[in-house]
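First the structure, in the form of structure tokens, and then the observations on it.
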Amino acid sequence: MSLLLEPSAAMIKEQKLYREMGLTDEEFARIEAILGRLPNYTETGIFAVMWSEHCSYKNSKPVLKKFPTDGPHVLQGPGEGAGIVDIGDGLAVAFKIESHNHPSAIEPYQGAATGVGGIIRDVFSMGARPIALLNSLRFGELTSPRVKYLFEQVVAGIAGYGNCVGIPTVGGEVQFDPAYEGNPLVNAMCVGIIRHEDIQRGVATGVGNTVMYVGAKTGRDGIHGATFASEELSEQSEAKRPAVQVGDPFMEKLLLEACLEAVKSDALVGIQDMGAAGLTSSSAEMASKGGFGIEMNLDLVPQREAGMTPYEMMLSESQERMLLVVKQGCEDEIAAIFAKYGLEAKAIGKVTDDKMLRLLFRGEVAAEIPVDALAKDAPVYHKPSAEPAYYREFQAMPPYTPHIEDYNQTLLGLLAQPTIASKEWVYDQYDYMVRTNTVVAPGSDAAVVRIRGMNKALALTTDCNSRYLYLDPETGGKIAVAEAARNVICSGAKPLAITDCLNFGSPEKPEIFWQLEKAVDGMSEACRALGTPVVSGNVSLYNETNGEAVYPTPVVGMVGLIDDLSHITTQSFKQAGDLIYVIGEAKPEFGGSELQKWLEGRIFGKAPEIDLEVEASRQRQLLAAIRAGVVASAHDIAEGGLAVALAECVMGASGLGAKVTIGGDLVSELFSETQSRFVISVKKEHQEAFEQLVEAKRIGEVTGDGILTVNGEQGETVIRLSVDEMRNVWKGAIPCLLKSKD
């Protein structure tokens, strides 16, 4: 497209062309006031992407301020490529989760693949070596051909990119609900290890220092991707396929190694991934954070396609690109590092003292904008919020009481639900053992990755039960954080901090904004109670299809530290004769439960309650017992209740079964999703020591007969199922649904 074909500044205003880029009339007037003139086409595009929700968080910023972000171990909180937490011995862990929802709905393979690529770059831009990937996925019901296609392609995209770049995908979660039918959620998390002295930041400082472009050449892919991510999906979204980028994991691997070598050089001042809004966001954000300006000559930008305009170059979201600021005179040193990996590092500009983003093209100024107007001074909106009518209706409902006649069939039915069923079909496509540091592979409560050369490991998990959040966003927000911590504790780790990905509908709707506010309130309270500050994150709003929003889904990514490899614990029972305990009492809480969804085909009523003091106390007790060496296995009780938790504990163990006795209301005891509960197994010789450390109730013991037997108080058999039968149902559910032709 030639510059001559671009609309003039006057046309942009008169024909309100800025609206097509996502700017409102008020925002355009504000831009006019900032510049003291009408913006040209390139400048309008730059403002549009930088002021999109995706880049500016203009609708969510006031809510995000509620999160606790400080803690004794926090080295870098929100605002950089990734959060960083100290893990002792001069080492730290860098991690972040991000969404790639809209691109994955349109082009699922590349959408998911480039989501993985982007989050890896965020982590190594901090100077950290990525050691693990996780993902949190949401789809509609697996009975629909389109959902099957999206599911298969998203998983293939994640596997294709992660496996090629050589970083193990060690964990995550997949849930299926009709609310995600048209708008799947694809959240990717990356975790890296870094020495304290290698920590880098995305800043541009030092007048005269050189701005260098490294990595892949710029093409026309992904233009306005950030704006696309800030609007609802509709029938017309399919036409926006060009806004989805294409990834090259082999280029990423070279870029990763070159950048990690460059960060060790004193020549490097700052480094940032060209992510959403590409060259625009990386340059404007680095300059604004550093308190300087940047001038770039766009004729020098490496281009993949002929005749690209400043607008296209600045808004392209071509993958595998980084922007560096290098000390003046040291350009050759940095270029030599990248050349070693077959990559070009090209000087395209310099740091200035006037706090302006100035773009030159063919000898003329193509754009000139104050950097702070694009970054820290972007508009912030305080949206109205209103309690939804459905919430009041759910709160007023009497407690839901399920009726069960056949407990065996109920347990088998729950094990076949895709949200509970084995995700082996998914993680078998991931190389989760590459780099050989994975100690606990996918399928347990949390993945565990050891830190090479040390007697320490990291426990990693992603969690969020969005059904609870739909019923009650504040309670559901607390539960999301608490469950992540439970999973980390069950692995023998102390929870350190979280990263979050807030996936919600349109903030323009007061009921949706209320969900966001309440969820963040609940998460913040739980983070304070459990001592896990928020160190990084991402907001993804406008997750709607034809006006229907997804469930509120604030995914929590948590990292915990195992300070001695002997403390690593898994959920599978270990040997016959071990005693089985339950921590926590069951109440009749079935709102939003797997049982309610299976029996009624929908969810309603009140979410389970949670007492954060009780939660914190039980977690402390269990971790102390694990560290004392008196716990053989630990598993949190979540979807499907105690019955499903027991099944999972025996299905992971070869040839073992369990025999337990349950009193009280059997439906509640077995299937309620009451919070803050665990199933533990303990060797007989550790019984006394365990009971002194933990308040728990002994319910039975591990057997060697390969059968799960649950008896009532009167000795009657309530459940008797062979572990093989349960395992076949549990493992076969997802492959069976994918093969069925409906």
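Heads up, the Cβ atoms here are built off N, Cα and C, so glycines get one too.
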Which of GLN175, GLN245, GLN272, GLN596 belongs with SER99, HIS100, ASN101, HIS102, ARG121, GLU317, SER318, GLN319, SER540 in the substrate site listed by Swiss-Prot: GLN245
Co-listed ATP-binding residue [Swiss-Prot; alongside TYR57, LYS96, ASP500] among GLY22, GLY140, GLY537: GLY537
Secondary-structure category, per DSSP, in which HIS54 (active site) falls: helix
GLY537 (ATP binding site) as reference: those recorded positions from GLU98, HIS100, ARG121 with C-alpha within 10 Å of it: GLU98
Densest Cβ neighbourhood among HIS54, LYS96, HIS100, ARG121 (recorded positions), 10 Å radius: HIS100
Pairwise CA distance, LYS96 (ATP binding site) versus ASP122 (Mg(2+) 2 binding site), rounded so that it is a whole Å: 8
List of residues, in chain order, with Cβ under 8 A from that of TYR57 (ATP binding site) and at least 6 apart: LEU64, VAL539
Sparsest-packed of the listed binding-site residues (GLU98, ASP122, ASP273, GLU317, ASP500) - C-beta count within 10 angstroms: GLU98
Packing count at GLY537 (ATP binding site) (other Cβ atoms within 10 Å of its Cβ): 24
For ARG121 (substrate binding site), the one of GLU98, HIS100, ASN538 that lies nearest, given that the recorded positions are compared by Cα: GLU98
By Cα-Cα distance, the member of recorded positions HIS54, GLU98, ASP122, ASP273, ASN538 nearest GLU317 (substrate binding site): ASP273
